[in-house]
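Peer 1: I grabbed these lines from Swiss-Prot:
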BINDING   Gly113, Thr114, Asn115, Gly116, Lys117, Thr118, Thr119  ATP binding site
Amino acid sequence: MPKATIIGLGRSGIAAARVLKGDNWEVTLSDRSNSPNLQQTQGQLQQEGITVKLGDSFTLNPEDLPNLIVVSPGVPWDIPVLVEARDQGIDTIGELELAWRYLNGCSWVGITGTNGKTTTTALIAAIFKAAGLNAPACGNIGYAACELALTQQSYDWIIAEISSYQIESSATLSPKIGIWTTFTPDHLERHKTLDNYYQIKASLLSRCRRQIFNGDDPYLHNIGLSQWKDSYWTSVKGKEALLCDPSKGIYLQDNWIVAFGELIAPINLFKMVGEHNQQNLLMAVGAARLADINKDAIAEAMATFSGVPHRLELIRTIAGVDYINDSKATNYDAAQVGLSSVEAPVILIAGGQAKKGDDTEWIKLIKAKVATVLLIGEAASTFAQRLQESDYYAYEIVETMENAVERSASLATDKGVKIVLLSPACASFDQYQSFEHRGDHFRELCLQL
């Protein structure tokens, strides 16, 4: 019986373990944590015949080497034990690659990019569902990919949101349609350089049979003709802005969506705010037309799609003030997009665990649109200093989300502001388990006002 080790006892790791166990592998799950929740999961899995080692930093035992190592998305690909395993010729892959090995009999759409992945993935899944297709979303959204392999259903398509971390560990993953939404500096603490980050993303697209690119993204537009000239391109700026022949373009013209020369639907059917969401929609429409989905299904999904939690999500309106949750804005570019999508003046809640990147354009937009910035988390003092250096002084360090929401309500009344926006420009791990946890807390506090 072949042996497999799974590193990481999260949702992805558990699904991977069950897939392999069901295929007659001897499976061991390893996780450094030893929390009560994991201990409960350990008991459940061990009843299924899966060995679980908690409080365990996986090492290679020369006397008992696994045939396969599967890593969860959060495990760095370059930690010494994984480098050593690959050097020894041990098959070392990510959970998404494992799912691909079991599910490559059906067609995949793979969506990657710095920002916009989740909304684009959700839009594609909604359009494919409206067309009557069995096309679940997975990866960073919806199911863990291996959970789909467990069901043994027959899928028409799989719609996979794929992070750079997952691409690193998925060397043969080759979707039929690949989409690249945006590209800006992010995850450089892991990938070191912008070029490394680009090459990882590009490796996935190069394996896809057809590629769709966001032609309105400055970086992708700049390298487009030199590296991706035979691909499909989108633009919200009209036919003249396309990087390809209009027969391979998806674009807005006179408030209509046009795909490959065909009128699809009027853009006013689509209710999500922001030009960036129109960009996401065009890529989704391109994928749908490449999958031969008709215009009626596209129009139906456009009209009924309400958005994704934590991405410019309207929580409630109190006394004319909109409270908007954009917790997914974990870097400067995403926060800039969020702020540009709402009307001034704004009370902005920002801060958390800072990331590397250029904050210049974000701060310019703050100066133009924000009445007061409320700063929370580890980055509060750093952000305060950056705002001072830019001659912006309308900020307060409030430290916690509870303080921020309470203060935002009084400031909105005092200053006649109609928008309170949580768009942190930071990771969440200083105070929260995830950006979802942070956004859920913001929602809970707003609903208590």
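Cβ coordinates are placed from backbone N, Cα and C, and glycine is handled just like the others.
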Peer 1: Other than Gly113, Thr114, Asn115, Gly116, Lys117, Thr118, Thr119, which residues of the same chain sit close to ATP? List them in sequence order, counting a residue when its Cβ is within 8 Å of the Cβ centroid of the site.
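Peer 2: For the ATP site, the extra neighbours are Ile111, Thr120, Thr181, Thr182, Asn280.
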Peer 1: Which chain-mates of Asn115 (ATP binding site) that are at least 6 residues away have a CB under 8 A from its CB, listed by sequence?
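Peer 2: When sequence neighbours closer than 6 are ignored, Asn115 (ATP binding site) has Thr181, Thr182, Thr184, His276, Asn331, Asp333, Ala334, Val337 within Cβ distance under 8 Å.
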Peer 1: Mind giving me a neighbour count for Thr118 (ATP binding site)? Other Cβ atoms within 10 Å of its Cβ, every protein chain shown.
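Peer 2: A count of 23.
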Peer 1: Counting across all protein chains shown, how many other Cβ atoms sit within 10 Å of the Cβ of Thr114 (ATP binding site)?
Peer 2: 22
